[in-house]
Amino acid sequence: MKSPAPSRPQKMALIPACIFLCFAALSVQAEETPVTPQPPDILLGPLFNDVQNAKLFPDQKTFADAVPNSDPLMILADYRMQQNQSGFDLRHFVNVNFTLPKEGEKYVPPEGQSLREHIDGLWPVLTRSTENTEKWDSLLPLPEPYVVPGGRFREVYYWDSYFTMLGLAESGHWDKVADMVANFAHEIDTYGHIPNGNRSYYLSRSQPPFFALMVELLAQHEGDAALKQYLPQMQKEYAYWMDGVENLQAGQQEKRVVKLQDGTLLNRYWDDRDTPRPESWVEDIATAKSNPNRPATEIYRDLRSAAASGWDFSSRWMDNPHQLNTLRTTSIVPVDLNSLMFKMEKILARASKAAGDNAMANQYETLANARQKGIEKYMWNDQQGWYADYDLKSHKVRNQLTAAALFPLYVNAAAKDRANKMATATKTHLLQPGGLNTTSVKSGQQWDAPNGWAPLQWVATEGLQNYGQKEVAMDISWHFLTNVQHTYDREKKLVEKYDVSTTGTGGGGGEYPLQDGFGWTNGVTLKMLDLICPKEQPCDNVPATRPTVKSATTQPSTKEAQPTP
């Protein structure tokens, strides 16, 4: 779906000639994607709709994950014959024709474990494989074992996995890191991109693009060999995110690519489908019905695209923070996504150079530099003093401060003076007793106040350290770790999200109950423990008093971006 081009001529920035060569070469690879498995709402048609609307299961994900016991077409034919017969029992029909997902076994940790020991003991508990995937299973097979987040999440998730892998590396499980990188490379080769998760109903979208950072992490252990090995898959993923760019005119958008009126190229989140999400079917239908002034398909697309962002859901995407039906994800250009795209371009340049292709390395550097200028020009709110998303409807940078504003610092794309202002804004507006707030808005959505999420704590900590802001970075790590420790001391588990307005409380809001496990919290906790404690005296629990910043080992970045006025 393209947006119309402006009616009057616009000045266009000079786009590097290499960009069209890069995308032309890679688009061929993207077009080789085979026929993909159909999601259950398509396979089962009216049966899927009727089961979900009947609310047979408390969690809509249950039936989306159910495995048909025979050909779905035959099951659907039987359903059509039986559904209007006297005494027909839909629940019985489902029980006969489907194998429902099993409840995960409750993990009871040994008594007396430290926080670190608990996490190290969880890695095998959270490890899964898809060796025995059934023919009509929505679960997509992967060649190697993988670590799932935990709780209701029985599959691997894209951006979760990077932060889980940080912890695996910290625990010395480089074999598991290598397995997960291989799995994601397999998905790119098989489907043309990394889906939201390894389910057929997730194939229409991706998630925040961390694959290049995963390869870079693996290269810490394997050297440049990892960069060279996975260069083709990184290029294919880049082609997926930039698909359609070669035909865009100024002021247009196509799928995940946005070309602004001066020719600046940026990215947005997008889902190729505009129907209710199978895993949240009833909720999405209700959201669309609650706003009759918008086409339902438009709302469905924006709900799905918010899921692609990983922030499902947040006031960040909404016009009215208390009405989910006002979200418009596809008309917002996210600062975190474009920071990750900048990082992908930088890693592609490094990998190309390692592979001996200096010309291609220079082309990726040119693309990264152009994107960096775009971030500085369009995603810095000078009046507020922080990075923010760009609004395609108002043609202005938005005013809301969110934890996503730390991503330019995380990838070393921020100008030094702006990083300093971000440190002040973070400490003033987002830092809470239990860690970093996701936003300052209390909307009831899970990616808003008072919730704090492990990946955003790490992005902020690492980003601030990159620019020498070690005190604020330590404050974030210390506050969040204290929250994690207090919750663990009371409940003997780590959870998906935390209430950062206090310490020792799991977060609330969202479409499902609080989940424990939990992959990315485990990973970030291990990284932060090793950050705040000296290498000579590693800690297995969070110290009782705040450490000094000298234990933080990351050196400040000397890089300064060149802001475009």
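A Cβ is built for glycine as well, from the same backbone N, Cα and C atoms used for every other residue.
Marked as signal peptide by Swiss-Prot on the basis of sequence analysis: 1-30. Marked as substrate binding site by Swiss-Prot: ARG152, TRP159, ASP160, ASN196, ARG205, SER206, GLN207, ARG277, PRO278, GLU279, GLY310, GLU511. Annotation source Swiss-Prot lists active site, proton donor/acceptor at ASP312, GLU496. If you look up Swiss-Prot, you'll see 538-565 marked as region 'Disordered'.
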Comparing local Cβ density (other Cβ atoms within 10 Å) for the binding-site residues PRO278, GLY310 points to PRO278
By a three-class reduction of DSSP, ASP312 (active site, proton donor/acceptor) is assigned coil
Most isolated by CB count within 10 A, of the recorded positions ASP160, ASP312, GLU496, is ASP312
Students should find that the Cβ of GLN207 (substrate binding site) has, within 10 Å, a number of other Cβ atoms equal to 22
Quick note, ARG205 (substrate binding site): same-chain residues at least 6 apart with CB under 8 Å of its CB -> PRO195, ASN196, TYR269, TRP270, ASP271, ASP272, ARG273, ARG304, SER305, ALA307, ALA308
The recorded positions listed are ASP160, GLN207, PRO278, GLU496; by CA-CA distance, the one closest to ASP312 (active site, proton donor/acceptor) is GLN207
Rounded Cα distance, in Å, between GLN207 (substrate binding site) and GLU496 (active site, proton donor/acceptor) is 17
Once DSSP output is merged into helix, strand and coil, ASP160 (substrate binding site) belongs to helix
If you measure between the CA atoms of ASP160 (substrate binding site) and GLU496 (active site, proton donor/acceptor) and round to the nearest Å, you get 10
